[in-house]
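Q: Please read through the structure below; I'll follow up with questions.
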Ligand code: IDP
């Protein structure tokens with residue numbers, strides 16, 4: 001099945017602070033995906049509120065926004081065949097403790113006992129979300 005897509009990947013503040021940017025980008029490239037655009041951003045609350053609009057009102061929303069504005073993130077426009085699903089598979093499930101070994105979160109993510117919501121990366125979850133998020137972060 002051929003479906004060339006683009007997705008938004010964010011290396012979250014914990015990934016940047018832990019010097020894992022290179023390791024995470026290496027895994028994306030090693031999988032065969034293309035880095036089309038890359039920027040380091042200190043996200044403000046307005047950008048993050050738009051990015052995480054679907055989570056507004058949830059118990060983890062406010063800590064999530066605070067965490068995401070706590071330091072720079074690296075935003076990447078990544079292209080490849082079925083990359084939206086493929087990157088989410090590469091990233092692993094949301095909670096790093098139960099994310100499968102071999103995934104970014106499973107291999108490198110720290111237990112949420114240390115700090116809830118830290119899980120190194122974000123990846124768009126559908127073509128509609130990818131289009132919206134890429135417009136938000138890359139204009
Ligand atoms: P995803 O990033 O795996 O797609 P989402 O459900 O879209 O997960 O949640 C967005 C982000 O919010 C997660 O990556 C994580 O940082 C945080 N998050 C999600 N669920 C929880 C939770 O139950 N507790 C704390 N943080 C959470």
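From the backbone N, Cα and C atoms, a Cβ is placed for every residue, glycine too.
Remember, TrEMBL labels are computer predictions, not curated facts.
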Q: May I ask you to find which of 19, 119 TrEMBL records for the ATP site already listed with 12, 60, 88, 94, 105?
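A: That ATP site, as TrEMBL gives it, pairs 12, 60, 88, 94, 105 with 119.
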Q: Looking only at the domain 'Nucleoside diphosphate kinase-like' (4-139), what are its DSSP counts of helix, strand and coil residues?
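A: Taking the domain 'Nucleoside diphosphate kinase-like' (4-139) as a whole: 59 helix, 28 strand, 49 coil.
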Q: Considering the binding-site residues 94, 119, which residue's Cβ sits among the greatest number of other Cβ atoms within 10 Å?
A: 119
Q: Other than its own, how many Cβ atoms are within 10 Å of the Cβ belonging to residue 88 (ATP binding site)?
A: 19
